[in-house]
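Heads up: the structure comes next, in structure tokens.
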Amino acid sequence: LFAGVSMLATTVGLYLTPFCKTAVLLITMVSVFGVSFGILDTGANVLILALWGDKGAPHMQALHFSFALGAFLAPLLAKLAWGTAASAANHTEPDFHSLMLNRSSEATSDPLFAVPDDMNLLWAYASIGTYASVVSVLLLALFCKKCSRQQKSTASAQRSQRAKYHKALLCLLFLFFFFYVGAEVTYGSYIFSFATTHVGMEESEAAGLNSIFWGTFAGCRGLAIFFAACLQPGTMIVLSNVGSLVSSLFLVLFDKNKLCLWIASSVYGASMATTFPSGVSWIEQYTSISGKSAAFFVIGGTLGEMAIPAIIGILQGKYPDLPIVLYTCFVSAIFTAVLFPIMYKLVHL
């Protein structure tokens, strides 16, 4: 029910966003997205754990693969939909500034909603909104359909036991996801700007670097669906931590070497791919995960997603000659590599 309603709210937000003519309305729509995504992110993880329990590792990987695939494809589809209009809007020209100043002086008479000047923008949002509406209908249909699976999952959840240090594990997982998600979003968000300003890459090269990071990220999440059937979640976390630590170390040591940047970025994306779904599957093996528990460590990830890129953006602006982005990824890899053995020790005490 929560997942269906959240997708329905996302649908409304997507349809209305292109028509927003004031910052307040746009902020409201973006806030709706944030709340909806938070509900869907938490609810989907809990739902998979409730349906498949400790046998759900491949399903968990499939869920997060869909996120990675969307993150990789959505910018490409948006670029195709917007065409040259989007790229032209990114360049600042004197005439454009004077036009915006004139518009700002008449802001009081502007309507709250209006048809956008660029119809490609409207169709891009409308198409994705239609897709979200179909998903919401399917989820609500599943909720309305009565079946015994929910009763079975409830009984299974009741049979599971809490670990001795349940709360401590959740707090450590909170920190683990804080650093992991923060590093993932930081690198994916700033690698383009870092490559152009710090390394001196052309924009087309930097865009390719960004694509190879998200491409290997999505590809390895797809492969992880099959690996999860034969590898334990703990093993996959260790492999991911080692790969992230080694690749981020090479990025720091050879921060201006273009070849190293290409190779290490692809390895870093591949290494980061399975960490989150493997972490959820791993913790479920040792302690019961309710909706509140899942919400707690998902909040850790979203706080990292919000705070770390914001702080790094400020620091990188103050110290443009230092690879602050790469330092952050390396330090985060150290934290996750240290936190997981501590959690592993706690579950076996």
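Heads up, the Cβ atoms here are built off N, Cα and C, so glycines get one too.
From the options 220-237, 238-255, the stretch TrEMBL describes as transmembrane segment is 238-255. Counting same-chain residues at least six beyond the ends of the transmembrane segment (324-344), those with a Cβ under 8 angstroms from any Cβ of the stretch are 169, 172-173, 175-176, 179-180, 182-183, 186-187, 190-191, 194, 234, 237-238, 241-242, 244-245, 248-249, 251-252, 255, 268, 275, 283, 308, 312, 315-316. Highlighted: of the candidate stretches 168-192, 238-255, 261-282, 294-312, 294-312 has the greatest count of Cβ pairs under 8 Å to the transmembrane segment (23-50). Among 122-143, 168-192, 294-312, 168-192 has the largest number of CB pairs under 8 A with the transmembrane segment (261-282). Beyond its flanks by at least six residues, the transmembrane segment (122-143) meets 1, 3-5, 7-8, 10-11, 14-15, 17-18, 74, 77-78, 81-82, 115-116 of its own chain at Cβ-Cβ distances under 8 Å.
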